[in-house]
């Protein structure tokens with residue numbers, strides 16, 4: 001029995017048990033019972049029994065997992081439990097669907113209770129049948145297996161004591177530099193080498209951690225510097241005393257004395273300390289937590305994938321080992337390079353695929369078929385199955401609550417797709433994959449999950465911000481293939497891609513559409529005796545620019561009534577299909593980057609909606625019905641006004657030469673910032689669960705009403721008038737949880753923010769776009785601020801912002817665009833200690849920019865744009881910036897450019913970098 005099935009199902013049952021008691025379910029039960037009167041079914045009591053049944057099954061599953069037994073009967077029983085649990089989820093969502101549906105369809109009153117009663121009866125019967133079948137067939141089998149284990153059939157893990165094979169790893173390429181680094185640490189060939197040292201070799205499975213450690217361990221030069229050696233392999237579960245005895249046996253060169261077998265762990269540790277004086281320990285781990293906890297002196301080697309050239313060399317050594325020159329035939333090179341690209345520099349994958357292909361027919365057609373079928377080969381080919389198991393060791397070690405999230409990443413997104421963190425977190429929350437933690441929002445808990453997967457090297461970092469926080473991730477191609485196999489086997493997902501897919505699996509919970517409708521298989525017609533196609537679907541995501549695909553699926557809305565997630569971003573629709581508003585169970589709706597112009601009033605039907613993403617659309621006005629979405633947590637709209645500000649009086653045409661980019665910008669600039677209808681504003685205060693409100697056009701009433709949204713984490717307002725300043729400060733003062741704040745002044749008006757007593761204590765991003773008469777006095781209290789953007793501030797020379805900002809210990813990014821009218825900016829020594837990115841643009845009066853010695857010690861990027869008076873030697877101290885790697889200049893005086901000639905850090909700039917950097921918070 002695959003242990004993954006136990007873990008996935010156990011976590012699923014836990015989430016389902018929690019959902020049975022949710023406010024939404026309880027509210028729907030109340031609505032149905034109220035409509036039925038005395039004839040009502042006691043659904044609440046029935047659900048309470050189901051919840052207890054699920055908890056019991058969850059405990060039993062964990063017991064079965066601990067047994068480590070394997071049988072077809074057991075696997076079949078787990079499959080039955082999974083199907084019954086999914087039936088419970090379906091009934092639960094149906095209750096919510098029917099309960100809310102009665103508000104506009106009274107005919108359901110006479111049907112809902114009877115229909116639900118029938119479904120509940122079937123579920124109860126199925127649970128009872130499952131229990132009886134388990135009691136009938138499983139216990140005798142498990143007893144026999146336990147008897148076998150007592151007679152040697154099942155052995156407890158013991159630490160491996162054998163010496164590592166000296167011949168292993170000799171064909172590996174690209175390890176020379178890493179090997180030299182570890183040996184230098186081991187032998188104390190670096191400054192201030194400690195007497196005792198732990199070296200951690202860290203990285204995802206298959207990167208060659210053990211191989212590198214083995215090469216160092218067997219290196220004869222290394223061995224001459226040590227008196228004794230020990231090599232042990234530790235599994236997920238181990239006996240500490242046996243491990244210590246194994247090490248003592250190896251370093252003493254003697255068999256363990258009999259009396260040692262009776263010693264405690266403390267006695268064994270004492271003996272080990274007597275034997276070792278100058279210790280050098282190498283640990284290989286996939287978990288950065290482990291590496292960091294062991295290596296207090298920072299001897300951590302974070303292994304990276306092989307470069308493309310070295311991966312190709314290694315592949316050819318294995319795939320064409322029989323050839324004298326070990327080179328790839330020309331007719332195979334195209335497919336061979338595609339196969340190597342799939343490995344993404346993972347040595348284990350390169351070696352395994354190379355060895356496998358060395359025995360295959362050398363014809364382009366054979367290699368093409370192999371490339372197209374790698375996904376199925378991973379679960380069917382014996383050699384690749386072994387590799388898959390190694391790759392999935394990290395998955396096995398994950399706690400249950402992370403396994404579902406990881407499978408979600410691998411099953412939904414296309415190959416090599418870069419996924420923004422905030423997008424992923426909202427999807428996890430919408431699907432119910434996040435546990436409740438007292439005092440934290442679901443998104444904060446989900447962010448902890450995300451960080452944990454990054455630290456465990458399960459997800460790869462695609463992009464970080466200047467503070468080091470991961471903003472986007474991706475999954476290794478082969479890890480995605482392996483997790484996709486697991487997800488498909490458990491019917492967690494179906495994928496429509498170039499490899500083909502079937503839509504006749506009515507029990508799939510998620511569907512990812514990655515090809516156009518013309519290539520997709522037809523949806524099978526509904527059979528009266530069977531479930532409707534896709535009727536159990538909870539998530540539908542489109543990753544294809546195809547309007548017809550979306551229209552085709554949404555016409556099946558009666559089948560999709562339990563859908564929770566609908567991702568339509570980039571689908572070129574110009575209106576929201578009416579079928580969307582029949583999806584009463586919907587938690588997440590994204591219309592991002594579509595051509596939608598109007599959000600219909602029928603949005604009020606989506607009672608369960610938590611996330612509404614309208615960014616990149618042409619929607620400029622929200623209907624008042626949006627205020628009826630009491631569960632809404634994230635209301636995301638456009639921030640195109642920033643581009644308007646950039647264009648206004650600045651000639652953006654001269655900055656961008658790419659016509660497609662220019663057209664996209666012009667389309668955005670023709671839009672208006674979204675606003676909320678006047679009769680909606682009074683309802684805003686009732687949306688107390690709102691965490692994100694970005695970005696809306698403000699007026700006096702709205703600014704007053706948002707004071708009630710004390711849970712807000714992100715707020716963006718545009719068209720703020722001077723007379724609104726006092727009320728705005730009063731509202732912000734009540735938002736103690738705010739993390740990001742964007743305020744854009746009305747045209748030619750100032751931002752009046754002086755009356756704010758103190759900023760939100762956890763504020764990390766602050767964007768102020770508009771004139772400031774003075775630097776707000778609360779700036780020096782921004783202790784948590786990491787990103788600051790001052791746009792169009794027009795501060796006078798007597799109000800230099802730098803002295804107010806230089807002591808902000810957390811600041812890593814600073815943008816000053818038309819922010820200051822003085823002639824000089826001076827960055828003093830030992831200030832801005834963490835600042836990594838500085839963007840100075842359009843300071844028309846600036847003629848001198850000084851960086852003192854020891855100022856800006858962490859600055860890696862400096863971007864100067866359109867400061868026409870910064871001539872010749874006006875830039876001083878740029879040689880005092882030890883961390884500077886990129887120096888961008890755009891539309892700067894020729895004399896200044898000449899003075900910097902020869903500086904290797906100087907980068908060409910088209911101007912678009914200046915715009916994108918100044919708006920990196922978008």
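Using the three backbone atoms N, Cα and C, a Cβ is placed for every residue, glycine included.
A TrEMBL annotation is a machine prediction, not a hand-curated record.
In TrEMBL, the feature coiled coil is placed on 47-74, out of the ranges 47-74, 75-102.
In the domain 'Disease resistance protein winged helix' (412-481), helix, strand and coil residues by DSSP number 30 helix, 12 strand, 28 coil. Each residue of the domain 'NB-ARC' (180-283) gets a DSSP state, and the totals for helix, strand and coil are 50 helix, 10 strand, 44 coil. As a summary of secondary structure, the domain 'Disease resistance R13L4/SHOC-2-like LRR' (537-642) carries 25 helix, 18 strand, 63 coil according to DSSP.
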